[in-house]
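Per TrEMBL, the features are as follows:
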type	residues	note
DOMAIN	A:100-321	domain 'MacB-like periplasmic core'
DOMAIN	A:378-490	domain 'ABC3 transporter permease C-terminal'
DOMAIN	A:764-878	domain 'ABC3 transporter permease C-terminal'
TRANSMEM	A:99-119	transmembrane segment
TRANSMEM	A:373-394	transmembrane segment
TRANSMEM	A:427-447	transmembrane segment
TRANSMEM	A:467-490	transmembrane segment
TRANSMEM	A:511-534	transmembrane segment
TRANSMEM	A:764-786	transmembrane segment
TRANSMEM	A:806-830	transmembrane segment
TRANSMEM	A:850-874	transmembrane segment
Amino acid sequence: MADQNPLYQPPKLAERILSLCCKGRLLEEIEGDLFEYYQIEREERSKFRANINYWFHLLNFLRPFALKKLGQNSNTIIMYRSYLKFAWRGMMRQKLQTGFHLLGLILAFTVCGFIYLHVQYETSYDKHHQHADDIYRIAFMNSNPQTRTPHPMAQAMVNDFPEVKRAVTLSPIYGPGMTKQPVILTQDATNVTHEVAEGYFADTTFFDVFSYEPVFGNPKDALTKEWAVVLSESTAKRFFGEEDPIGQRLSFNGMVDLLEVAAVVKDAPKASHFRFNFMLSYVTLKTLPFNEPWLSWDDFGHFNYVQLQSGADAEALEAKIPGWVTTYLNWSGGDLEALQNGDDRFALQPIRDIHLHSNLLWELEANGSYTYLLIYGVSAIFILLISIINFVNLSTAKAAQRLKEIGVKKTLGANRREVFNQFMTEAFVTTFLALVLAVPAMIWLELPFNRLVDGNIEVQNLWTADAVLVLFGITVFTAIVSALYPSFYLNSFEAGSILRGLKLSKLGGSNIRNGLLAVQLVAAILMISGSLIIKNQIEFINSKDLGFEKENLMVMDISGEPFSNKIETLKTALAAVPGISGASAVSNVPGGQFNQHSFYLEAQPDVEVDSYEMFADENAAKVLGIDVLQGRMLDKAFAADSAGTAFVLNETAIKALGIEDVVGKPLVWAENDNKVKGTIVGVVKDFNYNSLHVPIRPLIMMVAENNYNYLVAKVSPQNLQATIVSAEKAFKEVMPEVDFSFRFLDGQIEDLYREEARTLRITIILSAISIFLACGGLLGIISIVIKQRVKEISIRKVLGASARQILWLVNFKYLLIALLSLALAVPISIYLMKDWLSSFTYQAGISPLVYGLTALGVVLLIGMTISAISMRVIRANPAQTLRTE
Amino acid sequence: MKGTQLGEFEELVLLIVGVLYPEAYGLNIRTEIINQTNRKVAIGAVHSALSRLEEKGFLESKLADATHERGGRRKRLFNITAAGKGALEKNHELRNSLFNQIPELALKGLKIG
């Protein structure tokens, strides 16, 4: 053998790792084998391959048989064991404080987790579409911005703009007066009938633009066929169970076997700005003769979506629309001018923003609000802040008591790093324990939380990389910040000087502590005053005179086939029920959506007023409690009224017309091309038929027997149960085949403020938590501070100070901090809440009482907390406390 | 007792140690396994099996002299013990006896590959 063959040196790092981890007894032979192996590999392969193989085999040795037994003779492990032991003993020694630490952190983590999930859900709307980032809805922004635009616009944009890739038009199935109308679908073969809401018409391109997963059939083909219907999976299950329903027929509102099931797709996720149950094609729609004007450029009556080429600039496209659209829109005069000078414009709304940022006329579903999301987020951060500050403040205050322990450790040979490690370990143990305990807490509270705030969160969604990372980051941050002071500052003293008796007063940090306390108080004050103001506003809304009487109004649905020609009979039958003082048939009820067209006085055709419309019978004013100011309410007795050529306007409509004495004046109501000529017969007082977020707009009322959707009955609050039972009996006599169902109008109106009510519930809970945590933290700090001042207090007592004087002495500083926090928080709160209130047209305003109450509450709570704790020390016999030296 | 059973891979290693007598050590056992059976095994897996077999008393080992190609490290040479021999024989017999008990019929007409 060529004796001194040059040897190849395996990677040094790998050898180091092996010698670190491997059992000493096995190390030599393993190293030898690997070394020998490496020599062979290097002969045969490139250095790189050989290194990789070497690493692979080396890492393969990291198995139990070859690894060093941990803990038996490793210094590091022994030390960490002792740190853990000390941490555990420290926690057990002060169970109450540990419990409070944990509770505070668990609460904060849970709240943050929930709010994170909620925000995540609310911002996930329409994310599931493959092209979500390139799909925009066309909205028309005039003085009353609306979601609907003309049907031909969608495809015209595809034809004329290269950056528009695809477009689709859709429209919900509306009943008269723009109410989404449920349809009665029947499968005649098995006689299964369901009332199905959320039916839509859509262009053939629907499934190209929006992503839906097919279950049966081919949805794209389905939309090219006349009278073919695409069902959502859940709807298909209602009729056909698990079977493949393709080719089955369904009757549509009694029209036998009108529809053929051509495809079934998976239901859209809950986080969608619209969700259809069944869908027909515009191909079908276009075979119906009466739709002519509705499908033209004249009718802003369709939801249009465009999908741009990926990366196309939507803003640039938006800027091109005004110049382009006028070649199609046959507009002149003021409308054209408004479009050209930018007062009115077509906007492209990214679909992912619709849920949180769009709140226009005729939204497909009630959308969320970005502002509230912001409020939730800020509240969660406040709670977290308060909780972190608590933990930090209490840990640092407590650390001073452990100065002796540090001194002893240092004399026994602990160096600075070891003391540092100990404090860090303790902080990490507590925070991570809290994090781990927060998980079951969240799982346990998921259902109550969802119920309480009407939420859709699922805790399992927290197991995503970014959420885990955020919670982990917060935990590590909390631990490190809380351990910084003790591990650096306390650590900096010499063992000798500590044991000789370092003056506690020398220990700094109280300024920082007091500053953090102030931050906590500011956060708590913001939350308390904020929730009080939200509460005031909601109470204001609920008690505001809406211009009609919303209480005790029973609303029954009477739209659709079975009710035609029977409405009058039903009305009479219900009005005869004892306890019901009147019944009225209307197309829309306050709190719902209204359709909009325009009208003008025959004498001044250039003043055209956009106006909502409401079809109503002669009882409407009486039943709803609307005041008639001029003229009279509609009355069937007049031939013109029954013919729908008598109009009643509201005050705002009169103001928009700009003349005073309107009764008797001829008016033209322009339902697009259908110009209805008639006379104004009366004026009603303004009433808030929309939410109080928006001002009252012009309204025109007329009789139209075929357009009624609801029957409204005024019931007496006495004997309500009996009245409902007899109302049902009367209803069943006229309509035996229809189920009797009703709701109360005030409930529906409350729904308009659901988001507000939810925000109120959340902020009340969060402010309760925040004040609890802040007080708890204060309590902890004071009890530590008082302990340090026992001698001082005793000496003061000996020298003749009264309990009151001492109490004042102890309280003074903290009350000062509270006042300072108030001075800081109140302007911030006023600024923020003014901003929030501006989303309402009708505002309760900010009452100074709110801040008075908050201030009083905070000062009282602080004073009481401090006094309660210090009383024990103050009452103690000074001889007792002074003797210990 | 579970500890004295021979696993499939362990048996293979034990046999190879016998084949390579008296020069059996970690790396050449692995090479032999690869050559004879075409199985890819990591060096660590072989060592792990060796140390298990030694714990069970089927193998004994001694350290040989240091060599140059091992960077001056000694290798550990393995030998089969009496217990190891017993375990191998027991396994061999059991397998043969079971194989012989299979009726002709069960294997008739079966082609390998």
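Quick reminder: no glycine exception, Cβ is built from N, Cα and C everywhere.
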Among A:99-119, A:373-394, A:467-490, A:511-534, stretch most in contact with the transmembrane segment (A:806-830) (C-beta, under 8 angstroms): A:511-534
Non-local residues, at least 6 beyond the ends, that sit with Cβ under 8 Å of the transmembrane segment (A:511-534): 375, 379, 382, 385-386, 389-390, 392-393, 396-397, 485, 756, 759-760, 763-764, 766-767, 770-771, 773-774, 777-778, 781, 813-814, 817-818, 820-822, 824-826, 828-829, 832-833, 836-837, 844, 846, 850-851, 853-855, 857-858
Within the domain 'ABC3 transporter permease C-terminal' (A:378-490), residues counted as helix, strand or coil by DSSP: 102 helix, 0 strand, 11 coil
Candidates A:99-119, A:373-394, A:467-490, A:764-786, A:850-874; stretch with most C-beta pairs under 8 Å toward the transmembrane segment (A:427-447): A:99-119
Counts of helix, strand and coil residues, the domain 'ABC3 transporter permease C-terminal' (A:764-878), according to DSSP: 98 helix, 0 strand, 17 coil
Across the domain 'ABC3 transporter permease C-terminal' (A:764-878), average pLDDT on the 0 to 100 scale: 87
